[in-house]
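Chemist: Here it is, the structure, as structure tokens.
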Amino acid sequence: MLRLVIRRLLQLIPTLLGLSVLLFLWLNRLPGGPASAILGERATEADVARINRALGLDQPVYVQYWRFLKRIAELDLGTSTQTGQPVWDEFTLRFPATVELSIAAMIIAVVVGVPLGYLAARKRGGWLDVASVSGSLVGICIPVFFLAMILRGIFSVELGIFPSYGRLSTGIDATSVTGLATLDGILTGEFDATWDAIMHLILPAITLASIPLAVIVRMTRASVLEVVGEDYIRTAVSKGLEQKVVRGRHILRNALLPVITAIGLLTGSLLSGAVLTESVFTFGGIGSFIRTAIDARDYPVLVGFIMFIAMIYVLINLLVDLAYSLIDPRVRVH
Amino acid sequence: MALLSVDELTVTFGARGRESKAVDGVSFDVDQGQVVGLVGESGCGKSVTSLALMGLLPDKGVKLGGRADFDGNNLLTMSRRELRDMRGSQMAMIFQDPLSSLNPVVPIGIQVTEILQRHRGLKGEAARKEAAHLLDRVGIPDPARRLKEYPHQLSGGMRQRALIAMAVACAPRLLIADEPTTALDVTIQAQILELLKELVDEEGTALLMITHDLGVVAGLCDQVNVLYAGKVVESADRHELFAHPMHPYAHGLLESIPRLDAPRGEPLKPIRGSINDRIAWAEGCAFAPRCDYYTMECLTGTPALTEPAAAGHQVRCVNPVREPVEIATLDAGDATVTAHGGKNA
């Protein structure tokens, strides 16, 4: 187990190195650059050259890359050309909001999706099956920003149940410990802040959950249908076991294996792709920051972010493998 | 009274208008402690019969007819709850492919103890001890270690032994074995048959043996029912059947067994055609298109089961075969001989 973890973490190094080379070559080919983004359309060539010199962009790519590697070795991601702040600080300021939102969305997707997929499969052809299959199709197809605006329009603007933007109401004085607003309130005992944060979280989380929920419902359904037809389920039934044992121990345990892989990949995509949801609800996560970084050709931020996401994917895959080896003895590592 | 009495069992698949009868009026009895064989080629309805008895056929798209009385209660009309209480404790089943019949992600131990907990109320240490005892009983060495292992860590024979341990865990009165040796290699087949024979002899369990392998029948069964296209075509005790097979199909099955003492170069004698070359039982004998003895009489409605020669030897044929089959080396008394000998003898 430990050897697997260490091996995977070591694998991160070549992965990230390869990715960084690709990134540098690619960014170098992009038209425009931070200088024209900073100075605007009417920048003189001299000004552009001055800024490029200041940012080190006048150097050949391999020199830039070498400098980048040296900085990385000192755990320095560089400075944002937009804000002038260290990239690392920008991330730690914004990433907790995205993490919180993604986790909340994933909890909704799993807690609702797995039972729904299971029931749909067991009542195949019934109204619940038809509703969840077509509902999940809608969930996949509906544009996220559109769903966000509908939900906000109904539940915050019309009905006024949930706040319509932000992470905390202005009157709330919350102490930040982890950056996760819901958790901070519990840690510091400021339960009103936790409650407020949860209320702010619900609509964005539902919005963000729509796609993973749809995927999980469909995968669970397909997987349960497959497992139910397996010989070992027939064996379990022939033993006269109670239905709850057949369902839990024999059907679900096997059916969830592919779903766990999907949950891992979906979590990765949520962390990197919550841009639209965050924008509509002005949630202040990393997504909207990255969007402006793309406009501004903020290379250090982009490189740092992409490397960061790559790292998260590798780590999530590692977690998925560990979870897999817990429930599937055939892939267990010793 | 027989322990299990199957009377005119029919199983129909498919929606109205496009139905197909997989089992078409099958009747047979299994007495306490008796071993009864259900023999036939693929598609003759023998597995469907066993699944119908265990209540393991799907609810949708399946229609059951006739009766199957187990200890006086009709299995076909039992509620799900009654069936659940019955399965595993009163009647148990052993399946064909031991690997796919075991849950790959649950340790063997739990798969054994769960049935002990369900029907005998054993929990924790007591259940584990009994499970180890059961594995030991079916000849699995080092049972304490095996209990913690998963199906993929066991050999094929060991897996089938584990499945047998589960089946006999609650001392059922009837054991149904659906081709339990098909997926195993020949030496292991012999061991598994030996084990089944031992369990039946010692516990007095009745055994319904579903097989296409006449070697298995010769070694194990007291009474044999030969199925063709969903109907019993011949029913006799083992010695009678092997000595005087009267239905051309049963005759052909026995003749098609390759013999070691046959002259060199003698061709094998298969039954021509396949089970798809058949006519509906309503029009005549389903076997007629493949039969060497067929006459126009065979096409005048379903032949009845009759006893043309010996009492208790029933044949569904208008022109029963009278010549015996030469089976020189097949010793109908010994499982070990037949299990390797069955196909070669």
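Cβ coordinates are placed from backbone N, Cα and C, and glycine is handled just like the others.
Automatic, uncurated: that is what TrEMBL annotation is.
Quantities reported herein were computed from a predicted structural model and do not represent experimental measurements.
Sharing the record's features from TrEMBL:
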TRANSMEM  A:9-27  transmembrane segment
DOMAIN    A:95-324  domain 'ABC transmembrane type-1'
TRANSMEM  A:101-121  transmembrane segment
TRANSMEM  A:133-155  transmembrane segment
TRANSMEM  A:197-217  transmembrane segment
TRANSMEM  A:255-281  transmembrane segment
TRANSMEM  A:301-324  transmembrane segment
Chemist: State the non-local partners of the transmembrane segment (A:255-281) in its own chain: residues 6+ outside its ends, Cβ under 8 Å from one of its Cβ atoms.
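Modeler: Those are 97-99, 101-102, 105-106, 109-110, 114, 117-118, 143-145, 148-149, 152, 164-166, 203-204, 207-208, 211-212, 215-216, 219-220, 223-224, 226-227, 287-288, 290-291, 309, 312-313, 316-317, 319-320, 323-324, 327-328, in sequence order.
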Chemist: Considering only the recorded stretches A:9-27, A:101-121, A:133-155, A:301-324, state which has the highest number of Cβ pairs under 8 Å to the transmembrane segment (A:197-217).
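Modeler: Per the Cβ under 8 Å count, A:101-121.
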Chemist: Residue list, the transmembrane segment (A:301-324) vs rest of chain: Cβ under 8 Å, 6 or more residues beyond ends.
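Modeler: Sequence-remote neighbours of the transmembrane segment (A:301-324) are 1, 4-5, 8-9, 11-12, 15-16, 19-20, 23-24, 27, 68, 77-78, 80-82, 87-88, 90-91, 257, 260-261, 263-265, 267-268, 271-272, 286, 289-290, 293-294, 331.
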